[in-house]
Amino acid sequence: MTPRKKLKGLVAATITPMTPDGQINLPVIRQYVDYLVNEQNVKNVFVNGTTGEGLSLSVQERKQLAEEWMCKGKDKLDHVIIHVGALNLPECQELARHAAAIGAGGIAVIAPFFFKPTNKDELVAFLQKIASEAPEVPFYYYHIPPLTGVKIRVEELLDGIKAQIPTFQGVKFSDTDLLDLAQCINKNETGEFEFLYGVDEQLLSALAVGANGAVGSTYNYLGRQTNLMLQAFAKPDFALAQKYQFLTGEFLNFVIKLGFGVAQTKAVMTFVSGIPMGPPRLPLVDASSEFIVKAKAKLDSIVWPDSD
């Protein structure tokens, strides 16, 4: 793997496969890696994040998953980014040290969301204590205010952050505030930071303001189509890029109305890839059979431009 290579393009927010009794299912990770690379043309992964139910896993489980992705992704994946965020600092630091020890291509940290930082200085102090435990590993802030309730603007966070966190590499920006994202990119004149967008249904808008790439759950099963959207945008063929974005949005709009979260994402990935992703961990509950039937029918009905 080449952890220092510029991270761009698509990053799959990996699902954590589980057995029917709710234990992590490590043996399917090899098949999962091959599916992403060979079928979806996605060679970057973000492990133990929201889609991966990272905050519902034990520290030991998170370590096992990180090790498995690193092992099975060797010589196949370009970047394995490990999310090491937790609600307490010691666990974050332990996970950061572990990620560094296994050679992760980067680490990412979500803002703590029970006792929350109330300003930039508090947040940066928390992040710095974690990043310093992995002093050779690129560090990403995972910005997702809809889930954390931490609404400190990233534009503000960037000011002076490199002096406090020398390994700071960029942001997984999972918010719809494109003004904040655009201001971040405007400040990033030298291009030293990477901004990876995390709201899949709005990726084209983020690309238009300069996002480097994207981290998302749909790239597990719609990676090939989204890569074609990126190619169309780069040409530029904006009409074709719009078509791909609109069709992705059509599917997501449909399933969101049915109730769409991690459990439903696991179900979609299972029927698209054939890899058993299993149930989610409580308090999440499994997708209904009605959801699976309707979601599969909707996805099968979509005619993508590349298959005309």
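Just so you know, glycine gets a Cβ as well, placed from its N, Cα and C.
Pulled from TrEMBL:
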- T51, V215: pyruvate binding site (BINDING)
- Y142: active site, proton donor/acceptor (ACT_SITE)
- K172: active site, schiff-base intermediate with substrate (ACT_SITE)
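By the criterion of other Cβ atoms within 10 Å of the residue's own Cβ, the least surrounded of the recorded positions T51, K172, V215 is T51. For the pair formed by V215 (pyruvate binding site) and Y142 (active site, proton donor/acceptor), distance between Cα atoms is given as 10 Å, rounded to the nearest Å. Summarising the environment of Y142 (active site, proton donor/acceptor), the number of other Cβ atoms within 10 Å of its Cβ, over all protein chains shown, is 26. Calculated from their C-alpha atoms, the gap between K172 (active site, schiff-base intermediate with substrate) and T51 (pyruvate binding site) amounts to 13 Å.
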